[in-house]
Amino acid sequence: MGRLAPRPLLLALLSLALCRGRVVRVPTGTLVRVVGTELVIPCNVSDYDGPSEQNFDWSFSSLGSSFVELASTWEVGFPAQLYQERLQRGEILLRRTANDAVELHIKNVQPSDQGHYKCSTPSTDATVQGNYEDTVQVKVLADSLHVGPSVPPPSLSLREGEPFELRCTAASASPLHTHLALLWELHGPARRNVLALTHEGRFHPGLGYEQRYHSGDVRLDTVGSDAYRLSVSRALSADQGSYRCIVSEWIAEQGNWQEIQEKAVEVATVVIQPTVLRAAVPKNVSVAEGKELDLTCNITTDRADDVRPEVTWSFSRTPDSTLPGSRVLARLDRDSLVHSSPHIALSHVDARSYHLLVRDVSKENSGYYFCHVSLWAPGHNRSWHKVAEAVSSPAGVGVTWLEPDYQVYLNASKVPGFADDPTELACRVVDTKSGEANVRFTVSWYYRMNRRSDDVVTSELLAVMDGDWTLKYGDRSKQRAQDGDFIFSKEHTDTFNFRIQRTTEEDRGNYYCVVSAWTKQRNNSWVKSKDVFSKPVNIFWALEDSVLVVKARQPKPFFAAGNTFEMTCKVSSKNIKSPRYSVLITAEKPVGDLSSPNETKYIISLDQDSVVKLENWTDASRVDGVVLEKVQEDEFRYRMYQTQVSDAGLYRCMVTAWSPVRGSLWREAATSLSNPIEIDFQTSGPIFNASVHSDTPSVIRGDLIKLFCIITVEGAALDPDDMAFDVSWFAVHSFGLDKAPVLLSSLDRKGIVTTSRRDWKSDLSLERVSVLEFLLQVHGSEDQDFGNYYCSVTPWVKSPTGSWQKEAEIHSKPVFITVKMDVLNAFKYPLLIGVGLSTVIGLLSCLIGAPPPTPATSALLEEVPTSSTGVNERGTQPRLTGGIALLNKKELYKSLGFFFPNHKNSPRKSLSYVQIEASKFLYFVYFMMFTYTFHFEKKEKCKSTF
């Protein structure tokens, strides 16, 4: 039994597999429709073969026995003649909803359309399986639904808050079990659903009616067996419009409810009359300060029912109550509760009159008063809704008061005569009445620039004082006030002061003050009641250019080398306040090139605080050789001890005048240069010249370069012990003199040699070979050593007094040195290496024979068929297309590095141009020999060759 148990399951699966095929479906059961409505029958097919889009044929039979062709999706002549006219009018049509689905639509169904409808599909399957058609029955009922208003459509005119009712009758005499659904719809500015009763007996309020439905304000009731009543307990302005009653009939089909017809009827038009509401107040009222303000708001309305008013008094500085800034003073709500402040009262005199009382008025009570009135009507379930609202015209209220009476005077207690002088202004309040205990005074300071009379000038605020004595600075004075340059003060109850510690040229102009009177209010606050302007005070002084004159004088006009040079400078100034002077001694000396301008050097300086500083005085042997001192406030003396011939030139005093600014700070007022004082030594001493000579102007790389700097002396003969020289060698490494000279080596008069560092291997040596000759040698010359060489000589001569005098520096003319390459040595080693490598590789090729091709070499060799004699079919010798590939990659890069000098493995950067070109040639010969040897590596031919 255990083995036979699975047999029923296998049979069931086999039967399912055999029964699988095309399935055509239409709705199951019976479709019920009402005369005059539209009939829609869907049909779809599944589990089919062939194209995805299927065709459908519809047939009809009134009894279900013989079917008449009705419509087709693919055959035009398929319908019977009976239905051709309805198809042309569009009453019968097919609508495809998918490739495998279609709908049959029959509009305005008639009793003759009752019967059986068959949907069939032509076969596109490889084998005939499944069903190819399906049938559904349709019943057509007579229209037995009656809908209408309970009375002829009225036009209701209501006031907001009043109730109203609307009725609609609906009944059906259908022989089948059907349900009715009802919807009340309002057509106003927009169509809205008010309240609906579904076919399942549920209520659904429309959008915006949910709260009114739940509160019971809007209800739907049934009256008798066929009447439906819409009740609204409190009408709103939004309820105005035309009301329709829409009734639909539903029947159960295939477990779901299906609407079979719908009817609508106009029930009534509701008009909501607006509530008349007005609020009136006095137009203009004037009241004295400290008295009471009494305003009355009278209400007018056409409502006499149980509406309740809500009254609100508000205040604004402007006659428009909608603008920001208005505030509520008092309010009486609909429950007659008053909300106000202690000094304001709101009273209800009678049913239509409301009084506002403001006690102890002040200036701040001047403005516009408004009366806001709202009417509230009671709603369902103790709710309230607003039915009307009105705002009165503004009541203008003016509060009269006795303003303070006073005068303001401004005078300058300190007037500047120069820039940086102080300025002080005093603003006084005079003629004030006694007993002004509730008044205080504050001040505002203003500045106006001096302009021509026809120019528009705006005033700039310097500082303003509020009623609580808070001082605020303007943009012009904020920073200077924080720095203490602007000082605002009040020394007495009636005097305000403004002081500028250091007046600048930009501060010149007109100044005036504004004194404000502030009145104390009942809440202890202060309100500005009056402003009084002073007459302006002009702060001005004439601007004149600063004048600074410096005169230099030499007390001893004639002196010799070794003596002391003295120069005094006398300073005079004008239009400079409290000047102090700084002095700089300059020397103008000629340079070697007569076409160039003279060179100016700064020697020593003395600042305005009498601090001495050596500027460009570089003579280490005479550090204390120059002195600059202050003789008087306007006179300075310069001394230079043990003068030398190299000190010759034009000497001047550069004087700068400084004015004090802000205490310890100084401002540059003017600068002037004195007349020159010349130091010119009249001497018949020797004249020195320098020249450069070389026996090797053109050398081979690696040879020794010798350069002689020869000094000649003209004029008086000197003892060699009375002469010394500072010699420096320079080189310009270019064919011209377009580059800056480079210092190579120097030898001072004490015999100390200094050599500069260089980036190549050649060495330098500098020596004195005779009294007037100095030798520079370049050992192991390199290519970079070519160029123009010259020497610079500074002679020193001993004076009769025993001191050394420095002469003017002299320069020799340059000599050009050329560094060549030794071609034989450059070619010797590459040639030997190439020949040796070629011979070794040739011998190895003959002894070993041709190596088997590898993947690396096979891609580089061009395969050409050859004969037994070693000649290819074209009659030529085999050729190598990629012999270089047999080299190691690194060696290839090194070899090609001469042709590609920018490669990282290239050795070319350290070779000369001639060596590079020679190496290119030798490497080319080497590769040609290597290629030639490789192609004739066959062992038999090598043996016959050798």
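Glycine residues also receive a Cβ, built from the backbone N, Cα and C atoms like all the rest.
Where the annotation comes from TrEMBL, it is an automatic prediction and has not been curated.
As annotated by TrEMBL, domain 'Ig-like' applies to 8-129 (among others). Broken down with DSSP, the domain 'Ig-like' (8-129) shows 24 helix, 46 strand, 52 coil.
What TrEMBL lists as domain 'Ig-like' is 149-266 (among others).
The domain 'Ig-like' annotation in TrEMBL covers 274-392 (among others).
What TrEMBL records for 404-534 (among others) is domain 'Ig-like'.
With DSSP classes pooled into helix, strand and coil, the tally for the domain 'Ig-like' (686-811) is 6 helix, 69 strand, 51 coil. The domain 'Ig-like' annotation in TrEMBL covers 686-811 (among others).
According to TrEMBL, the feature signal peptide maps to 1-21.
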Secondary structure tally of the domain 'Ig-like' (149-266) (DSSP, helix then strand then coil): 8 helix, 71 strand, 39 coil
Segment-level pLDDT (mean, integer) for the domain 'Ig-like' (686-811): 86
DSSP helix/strand/coil residue counts for the domain 'Ig-like' (404-534): 8 helix, 68 strand, 55 coil
